[in-house]
Amino acid sequence: EEDSTNSFICLLKKMKEVRLIEKVVEQKEEAFTERMEALAGQWRELHARRAQLKAHVQRSGSTVKENERLRIQALEKAKEEKEQNTKKESELLRAKRELEDLRKQHQKLSKKLLKYSLFKKYLEDVVENSQFRDIEDVIAFYKALVRTRKDLAQSRWWHRELTEQAKVLLQQHRAEKEAEILQCKDELVQLKESVEQAQRDILQWEGHWAELLDRAAKKAMELKSLNMAIHSLYQ
């Protein structure tokens, strides 16, 4: 159905091109006819001028010099008109070739139009057996479907892109968090070691403190005994 619709769209375009070419052919034919008429008028004018020039030369037989001047002038004028006629004939020949090319193109498009007429009949059957009003509605609906499919494909592509980006970001975040967790674990191990060392230091200092208290108690007892001895001696 998609190929058929595309073919019918091509058919409509070709029909439009055929109409344009037919119009161009008609314009070329009109221009060609006008050029032929203008050329015929120029030829008539040329013959009239030549007749007038001949009559003028015959009437003006005053001097040989004047006749020679008029003859040279007439030759130059005839040469100029011949060049113009040659130029116009070249233009007419080119116009004929262009017209022939347009006719060939018209025939080619006509063959394509005949080839694609089957798809037109198919679309007409579709319109007849569906809710569409005409072929233009079918084509518009098809174009809408194509745009929708294109938008859907674009949306899916963006979804895949966003999913891939989300996966990459999640992996990066996970790697960062794992690195932070490892760092926290290392810091926790270091803190445990520090606590254990502090506990050992506390036990050691408690032992020293007990020794110091014992020594202080002994010194106090000795001092008390010394005081008592001194008091006894004093008595």
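Backbone N, Cα and C atoms are what each Cβ position is placed from, and that goes for glycine too.
Straight from TrEMBL, the features:
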| type | residues | note |
| --- | --- | --- |
| DOMAIN | 11-128 | domain 'DUF4200' |
| COILED | 64-112 | coiled coil |
| COILED | 174-208 | coiled coil |
Segment-level pLDDT (mean, integer) for the coiled coil (174-208): 87
Would you list the DSSP helix, strand and coil counts for the residues of the domain 'DUF4200' (11-128)? 114 helix, 0 strand, 4 coil
